[in-house]
Protein chains: 4
Amino acid sequence: MNFTRPHEECGVFGIYNHKEAANLTYLGLYALQHRGQESCGIVSSDGLHLHAHKRMGLVADVFGNPAVFKKLPGSAAIGHVRYSTAGASVEKNVQPIMVDYSRGSIAVAHNGNLVNAQILKAELEAYGSIFQTTMDTEIIIHLLAVARTNSLVDRIVEALNRIKGAYCLLFLTKSRMIAVRDPNGFRPLCLGKLGNAWVVASESCALDLIEATFVREIEPGEMVICTRDGGIKSLFPFKKVAPTPCIFEFVYFARPDSQIFGKNVYLIRKELGRQLAREYPVEADVVISVPDSGMPAAMGYAEEAGIPFELGLIRNHYVGRTFIEPAQSIRHFGVKIKLNPVKELLKGKRVVVIDDSIVRGTTSRKIVKMVRQAGATEVHMRISSPPTSYPCYYGIDTPNRKELISSSHTVEEVCRYITADSLGYLSSEGLVEAVGLSNEVCKACFSGAYPIAFPKPMDNNQRELFEEGDAHNE
Amino acid sequence: MNFTRPHEECGVFGIYNHKEAANLTYLGLYALQHRGQESCGIVSSDGLHLHAHKRMGLVADVFGNPAVFKKLPGSAAIGHVRYSTAGASVEKNVQPIMVDYSRGSIAVAHNGNLVNAQILKAELEAYGSIFQTTMDTEIIIHLLAVARTNSLVDRIVEALNRIKGAYCLLFLTKSRMIAVRDPNGFRPLCLGKLGNAWVVASESCALDLIEATFVREIEPGEMVICTRDGGIKSLFPFKKVAPTPCIFEFVYFARPDSQIFGKNVYLIRKELGRQLAREYPVEADVVISVPDSGMPAAMGYAEEAGIPFELGLIRNHYVGRTFIEPAQSIRHFGVKIKLNPVKELLKGKRVVVIDDSIVRGTTSRKIVKMVRQAGATEVHMRISSPPTSYPCYYGIDTPNRKELISSSHTVEEVCRYITADSLGYLSSEGLVEAVGLSNEVCKACFSGAYPIAFPKPMDNNQRELFEEGDAHNE
Amino acid sequence: MNFTRPHEECGVFGIYNHKEAANLTYLGLYALQHRGQESCGIVSSDGLHLHAHKRMGLVADVFGNPAVFKKLPGSAAIGHVRYSTAGASVEKNVQPIMVDYSRGSIAVAHNGNLVNAQILKAELEAYGSIFQTTMDTEIIIHLLAVARTNSLVDRIVEALNRIKGAYCLLFLTKSRMIAVRDPNGFRPLCLGKLGNAWVVASESCALDLIEATFVREIEPGEMVICTRDGGIKSLFPFKKVAPTPCIFEFVYFARPDSQIFGKNVYLIRKELGRQLAREYPVEADVVISVPDSGMPAAMGYAEEAGIPFELGLIRNHYVGRTFIEPAQSIRHFGVKIKLNPVKELLKGKRVVVIDDSIVRGTTSRKIVKMVRQAGATEVHMRISSPPTSYPCYYGIDTPNRKELISSSHTVEEVCRYITADSLGYLSSEGLVEAVGLSNEVCKACFSGAYPIAFPKPMDNNQRELFEEGDAHNE
Amino acid sequence: MNFTRPHEECGVFGIYNHKEAANLTYLGLYALQHRGQESCGIVSSDGLHLHAHKRMGLVADVFGNPAVFKKLPGSAAIGHVRYSTAGASVEKNVQPIMVDYSRGSIAVAHNGNLVNAQILKAELEAYGSIFQTTMDTEIIIHLLAVARTNSLVDRIVEALNRIKGAYCLLFLTKSRMIAVRDPNGFRPLCLGKLGNAWVVASESCALDLIEATFVREIEPGEMVICTRDGGIKSLFPFKKVAPTPCIFEFVYFARPDSQIFGKNVYLIRKELGRQLAREYPVEADVVISVPDSGMPAAMGYAEEAGIPFELGLIRNHYVGRTFIEPAQSIRHFGVKIKLNPVKELLKGKRVVVIDDSIVRGTTSRKIVKMVRQAGATEVHMRISSPPTSYPCYYGIDTPNRKELISSSHTVEEVCRYITADSLGYLSSEGLVEAVGLSNEVCKACFSGAYPIAFPKPMDNNQRELFEEGDAHNE
């Protein structure tokens, strides 16, 4: 199976019916920057035309020049922040995508990943569609363009009924904004209100920044249509399935101040730490965390274990885009660049280090060594989630399976590799219990049980034959 | 009728089977820079993939960094220089266009303009095509993608049979380069050879720069296919029509050192000047030209009239892209920025000023005043082509009809407006005779007799209805 | 008195006798980025010439292109990061300064601020010196150039004997590196070793990043000379005074993982929090901090008070240079951009908010409101230092006195302005005790007792007269 | 003797008492762009402060953004365009130089070259002056700063009495503009009037562009002071010498539409061509020129010889800064990039090629080959100046002596090297006669007779000793 297609991590934001639509979208994207640091874009509508500005780079850089907003007029706008693996990190893949088709112009911003992308693309191309990007999102647009139904809403439903996978989508035409969350509800998407304007965002922290009120989450399988009269219409046009929200959003991805899937992320993370302390206690002098994502779990662990929590590793605040590069070599270098131990604190101590996950193991190994060099007598690693053994196909950028250390190594082997005195992962049951959602969750990255199956894509050999057909017929 | 669509002036260059394909294409484009100063691009093929670099800007700037060529590997490449009116002067319209469709990747470079573009676009969109640019060229690509025939060549023929207008096209796939010239042969296109490599270029001056041999012109309606075995195949797959090469290429557009339509441009221009002297003689002391395009005609005029030719207006060589901006206000300013009279030469003299054409009249007016202020006692303007009364729809950027001073004013009125003592335009018959081509020519810009008729495009009202269809059906 | 001269906050780094001198200096500056975000630069020596690269911008941006290091050859290098008020934020003021004078080339990097700069500048100019920048550092260079002694070391001593104020200086010539710390020892400066190379840095965290060993602090009044034979010479050429290290480095400025003035900053900050809890206890449910600088003090306060410490305010990690702009309007905006409360945590709680200082009061006011809007029933502000009532003239960028809210308002007035339920500042005695240094400290920003007096500078009227002298003598 | 110091070619422009001072200076520099394409700058005065904008690059690029002019307020401004050899092509050397010294701020723009620069610099450094650039101009500023006289004018006179060489200088203080031309009057400098404003420019073409009236040339040894009352004062404070204007300005450097040293350049150049035809006639079919500088001489030659003049070599108008690079390898490449022959014109003809000078011979050799390859049966090269055998030390950038082909080869050898059928240089007497100036000229580049002798500069060995003095005294 070919998974070289980029698995994207993204954030979306949209606002409808506000004079400062583009400016507020900029602020919303700024709050969602942690969901994608590679590129970003905004498309606005002034009622007659769509206007776009999008680039590789951080939100503050791409939209740093106030003159940009003069080119984004209108009272509706959607925006996108994006992260992807190296291959597809190119200008043309920056979202939102904006195109002309028979019914006028439309822009789309997409957070998620399709599992039947290759099959659909091959089929569309066979009927004459031309692809400009390598993004799943473009498939959705083409399906929209070839749909045989009449109204925009019908066409969107027709198109989305063909795709399988994870998606939170924001569509913008010259007169409407439409938000859709996939039936499984893998990724979070919430609805807010700012005066008379409707706001949609991946996480509630984006509503907070612009001082919008949190109204509710958009439901799995729901389509929300913002209309010119200031109202919204809610539809559930897809076949209903049991929702499976992504539990990794709680573990690592969402911001701690966000409320997603009905819960506050910070409080959940502390609870993960407490549960971890119950499952894997250890005698120690101090609990520290890998900043900043591991901090709430470390505080929960320390509280439950009755061991003092300290800031044992200090993070350089000026670590920026330079070290976000996805090359593995730089990630290694990154640990040193990012973190420095407080030696006076760790010297002669038995130290518990809390992190949220272990991916390749190389970072953990460097951290254990760093803590030990700072004088710790024992280093116990505790992870606030189960071993990550399987890649995510629903929108979180994870390495190939063979790069995931837990896919081929036991906990003991990982412990030895990272040179820790002990290693404990939160159990899958403990994770689910601590999160405390009433419904099912997607924990495929820990269990390999994928809620949506993959269709077999056309493989490269077949494609090669197909393509070269004309060469023989010249 | 809606003519806001950009009327582009362009140049194309391609080379097949040379190790330095991209580098030579850069040089070729450099020689063709006069055909388009707004943007440029190169697509190369390494046999497996296509690679592109294209930007707004002059060739020397866009390709000024040698590192660029590392990203353009392979032994085949096509390139494009482009000029267009303001509306469509955007990054996404930079050529060559490169897309993926069912048969793989293809890139296209296009010099010319279609007359049935709007109808074709509306039809393609109705069947689900999505447009990313506002260029005619994209229509050709979509026709290619929806073609029902099998081989690449058949599909190109099927697609081109649907379009009407002027086109010189270069197609590049991973394994082939194909050049096509429209049946009317509006624009020049020539074939050259450099060692074992085949070269195609809008003008022969591009062959000269890379020291390629001029083989012959590509015929109107001809398709030339460069194949892997080093040979070329020539096809004439279109319905034959009487060719109508653009006479304005001789008057103004082509470079004087180029050979087009079987003739050297410089020698033709001198002959235009001689003919002009025969038609509109005047007693004078000195003949000067508006540099640099008017110079050969001025020398021909001077020779025939027996009046000394002098460099009476000196051009600032550093006039560059800054003043190529299409805003009319800056064009006015441009005359002063560009030219300065040699007062010591003009003082007390009766001066003949030769230019190749008068478009709006504002530049000529400024030049006449400038020459008079320099001390000339009489200023006689002579134009080496007939009055430009009609816009070009076949690929030369001309203003709307109402901006063309000759479309609504007699020669006497124009003479008064530009404040000349006398004004003479070369006659249409004199022009054709001086050029001396055996076949018909297109002189629609002078006569209004367009060789290809326009289909009635869908107007904006119809389109609006069509687009808003879904709004009523929500 | 005229204090419009920029009061700079800076960091310096130097390395001598290492093949990767410039690259390591880049890493060192990266670790010191918190000491100056406006501009940075490196000068290297290859034994024959000095080479410089310096720009406005963050270290990771200015040195983000690896090609830069090819232009910085040699085995010795010094670097500088800088922050200054708006007026002098210009390219020409970026350090290190590099000049030619009679004895060759020399580069200087300076952290600190002179108090007799204006007098010295006027005097130097009167004798013919020409100033290219508005930095104090250039004065030092001119004094060096006009010194009458012979050896480089003698000239530096002669020059430094004339200046008064705070300075940590790094000099680089083609063959030597010299570090000097002023007799008062206002700013920290430490010495490290990396293999055979000597390293000098403002803070020990820079040694950590490059894995250099901390050797010792450079003493107040000490001059350390790195020589070609691999050794160092230590001189104490200045008149001895009682050292007065800057206590604000502990409170706010230095990084928590650094060791300065013989103490670890993180542990000192926790102790400040504990002392604050003893001085200003309050009944409350939760202790939170203004991230990130207030965190250690908040943890100390929580520990001492027995109230849970929580992450109640979440910081956007992607806040970067865009919001470092010194305009007051943007600082206000910055609070919202930077911080977001965890509402679920604060709702219905009595909250203690710990910060390290209050400057204008506007930020604190916004934070109190933010916490209250998140649902807190009471908000108690505690500050881990005394009221900042006086500007710093020794190298920390503080606003003019009239902008410091505490210079004209009582604690009660400040409390009312920031709308807190209570406000407590750490006492001056508590601060000194918690820091626990054996010698004197500079706490002028709290007390107004400046260790070095100001000479009366030539005022603007006098200067005006002086300058216009020639106007009357034309 | 060490002549690695850059020999600069430059242009200066200044305007006093006009609201649009900076904007007009921009236009003036644009007209003078041919005098220096490497960098440019403007300093303006608003009566209180000086403001600067200067960069590497062409005038149209450096000042292409209109926002730049908001940062250049005031009613007086001076500007500079500059060319120099590679070594010193750096940002810091861009003129005008602006500094602070005891009497306030002053800016200077300088066209020319000093012959006693090294001696003066060593002396100034010995007394404590610090140099920031490697330009002669900075020496003048330092001399001004250390001058012992009182008024600005006296100080300038005192400073200039110490320097030897070629200089046209423009000084700008907050209240005055002062222009000075050296006693030899090597370089042109003229005075104009635009309404109430005074204008000073290197060439009259700059006056023409802004529509200023040409008043007169500034005399050799004259100092012109523009004062607040709108008047000018003229002084002749230097020891009088016989003026020696640079004859090469006529041959090549000045623009043909300029009037310098009382003569029109275009008419002089035609006369050089006529004289050349008289001295070196040849039987031929056509006269062509190396565009564009050789064109007037070619027209004069053709006229005198009765042979038709044609445009046999066409110049690519888009040749810009990319190929101005001083590397010799690129210059070679440049000939091909720049010029293309009109084959149809040259085929089977005996061709006379006129150029203004031969420097290294490589370009001429390429041109001769190019013309022959185009089909010419004979190629006769005629040069409208004598052999250039000696470098210029008065402000024109010429290569080292050993690179000048005529310094070591006879005319016959050069003819053979460039593969021409015959070669003729205008005689020195013919040149002087054709130019027809009443006084002496500087033709040192042809004769080696330098009007100002060189003092012996301190050589590198001496300097080394001097510098290392301190190393022994550590």
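The backbone N, Cα and C atoms fix where each Cβ goes, and this holds for glycine too.
Annotated active site, nucleophile per TrEMBL: C:CYS10, in sequence order. Its Cβ placed at the centre, C:CYS10 (active site, nucleophile) has 28 other Cβ atoms within 10 Å.
Annotation source TrEMBL lists [4Fe-4S] cluster binding site at C:CYS246, C:CYS392, C:CYS442, C:CYS445. Annotation for C:CYS246 ([4Fe-4S] cluster binding site): same-chain Cβ neighbours under 8 Å, separated by at least 6 residues, are C:ALA166, C:PHE186, C:ARG187, C:PHE253, C:CYS392, C:TYR394, C:GLY395, C:ILE396, C:VAL441, C:CYS442.
The annotation Mg(2+) binding site is assigned in TrEMBL to C:SER293, C:ASP355, C:ASP356. For the recorded site, C:ASP356 (Mg(2+) binding site), the DSSP three-state label reads coil. Here C:ASP356 (Mg(2+) binding site) comes close to C:VAL251, C:TYR252, C:ARG269, C:VAL290, C:SER293, C:GLY294, C:ALA297, C:ILE383, C:SER384, C:SER385: these same-chain residues lie at least six apart in sequence, with C-beta atoms under 8 angstroms from its C-beta.
The domain 'Glutamine amidotransferase type-2' annotation in TrEMBL covers C:10-229.
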Message: I'd like to know the mean pLDDT over the domain 'Glutamine amidotransferase type-2' (C:10-229).
response: 91
Statement: Rounded Cα distance in angstrom between C:ASP355 (Mg(2+) binding site) and C:CYS10 (active site, nucleophile) is 23
C:SER293, C:ASP355, C:ASP356 excluded, remaining Cβ within 8 Å of their centroid (Mg(2+)): C:VAL251, C:TYR252, C:SER289, C:VAL290, C:GLY294, C:ALA297, C:ILE354, C:SER357, C:ILE383, C:SER384
- prompt: At the Cα level, what's the spacing in Å between C:CYS10 (active site, nucleophile) and C:CYS445 ([4Fe-4S] cluster binding site), rounded?
  reply: 18
Task: Please determine which of the binding-site residues listed here (C:CYS392, C:CYS442, C:CYS445) has the lowest count of neighbouring CB atoms within 10 Å.
output: C:CYS392
- prompt: What count of other C-beta atoms do you get within 10 angstroms of the C-beta of C:ASP355 (Mg(2+) binding site), across all chains shown?
  reply: 21
DSSP three-state assignment (helix, strand or coil) for C:CYS10 (active site, nucleophile): strand
Message: Beyond the listed site residues C:CYS246, C:CYS392, C:CYS442, C:CYS445, identify every same-chain residue whose Cβ lies within 8 Å of the center of their Cβ atoms for the [4Fe-4S] cluster site.
response: C:PHE186, C:ILE247, C:PHE248, C:TYR394, C:ILE396, C:LYS443, C:ALA444
Field: For C:SER293 (Mg(2+) binding site), the number of other Cβ atoms found within 10 Å of its own Cβ
entry: 21
Task: State the three-class DSSP label for C:CYS392 ([4Fe-4S] cluster binding site), counting H, G and I as helix, E and B as strand, and everything else as coil.
output: coil
